[in-house]
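**Student:** My questions will all concern the structure given below.
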Amino acid sequence: MYVHIDNFLVYLRVEKNASPRTTESYQKDLFHGLDYFASRLGKEDHAIVPSDIDHRIFRHYLAHMQKQGLARATMARRLAAWRSFYRYLYREKIIDGNPLLRVASPKLEKRLPRFLYEDEAKELVEAPDTKQPLGMRDRALLETLYAGGLRISELVLLDLGDLDISSGYIRVTGKRARERLVPLGSMAVEALQAYLAKARPRLMANSVAKKINNALFLNCRGERLSARGIRKILDKYVEKVSLERKISPHTLRHSFATHLLNAGADLRSVQELMGHVRLSSTQVYTHVTGERLKKVYRKSHPRAKG
């Protein structure tokens, strides 16, 4: 089984352009299942072949995870990893049939995306001290994240060449290497101009390697800023402005979509700006805005009270 899993991970990296984090997640979930199947079948894990695992064993696996008290989302994710793996095995003609076609995934509760209100988003992105180089960088970073509705992985990958500051556009490389052009508002452009002119050269001077680094956002050592580094920066300013709930970089992306729809943007345009392949991925934000409007109605309309 290990050979097939290794080949599948290569397929994800090379053909599906999956990120290292994604392939690592798949590997972890597949190995978790493999440990259970080895125990269930009374075999060494390296001796298991795909045909050893039928739909009954997959159902036992689900029951086992349920007994462990795992969240439905965790169970569904692990099963989804095995679904993808077995679809790959079937396409490669390694198995004759897919046993997971007979296994239902756990039903998940639909959770609405968390977002910031407009005044909260404004307070957060304006929190950095722009008198300092790192503050200039942080302001530009937060403005770009919010103004462009970027995923954290997209922000990390931005290079200087992706930014057309004069036109106010940024080229974003999304999932599966799909590119899109995203407009930036005047505030994001101003923050980026200040960062590029005054702060980035000083951060670049700190580079130990003394090599040209094309990354748009740099850390204090003049290296490309990592996803972990961006999360730390966001956490710092969330604490500074005392937002009393959990905020992630994706919260700013959710806020971007919600605020556009609240202001009357059409769904197709928001879909394109966010880089969603399916409209259904964008439609979830209409539920968010719908819930907000419902609360306003119930609070304000005389016939809704009581």
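In case you wondered, yes, glycine gets a Cβ from its N, Cα and C as well.
I grabbed these lines from Swiss-Prot:
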| type | residues | note |
| --- | --- | --- |
| ACT_SITE | Arg151 | active site |
| ACT_SITE | Lys175 | active site |
| ACT_SITE | His250 | active site |
| ACT_SITE | Arg253 | active site |
| ACT_SITE | His276 | active site |
| ACT_SITE | Tyr285 | active site, O-(3'-phospho-DNA)-tyrosine intermediate |
| DOMAIN | 1-90 | domain 'Core-binding (CB)' |
| DOMAIN | 111-298 | domain 'Tyr recombinase' |
**Student:** Compare the Cα of His276 (active site) against each of the active-site residues Lys175, His250, Arg253 and report the nearest.
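**Tutor:** Nearest listed residue in space: Lys175.
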**Student:** For Lys175 (active site), which residues in the same chain are close in space, meaning a Cβ under 8 Å from its Cβ, but six or more apart along the sequence?
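**Tutor:** Looking at Cβ-Cβ distances below 8 Å from Lys175 (active site), excluding near sequence neighbours, one finds Arg151, Gly275.
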**Student:** Taking the Cβ of Arg253 (active site) as the reference point, list residues of the same chain whose Cβ is under 8 angstroms away and which are at least six residues distant in sequence.
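**Tutor:** Same-chain residues close to Arg253 (active site) (Cβ under 8 Å, separated by 6 or more) are Leu145, Gly149, Leu150, Arg151, Met274.
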**Student:** Cβ atoms within 10 Å, counted per site: which of Arg151, His250 has the most, among these active-site residues?
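**Tutor:** Result of the Cβ crowding comparison: Arg151.
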**Student:** Could you count the residues of the domain 'Core-binding (CB)' (1-90) that DSSP puts in helix, in strand and in coil?
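**Tutor:** Summed over the domain 'Core-binding (CB)' (1-90), the classes give 73 helix, 0 strand, 17 coil.
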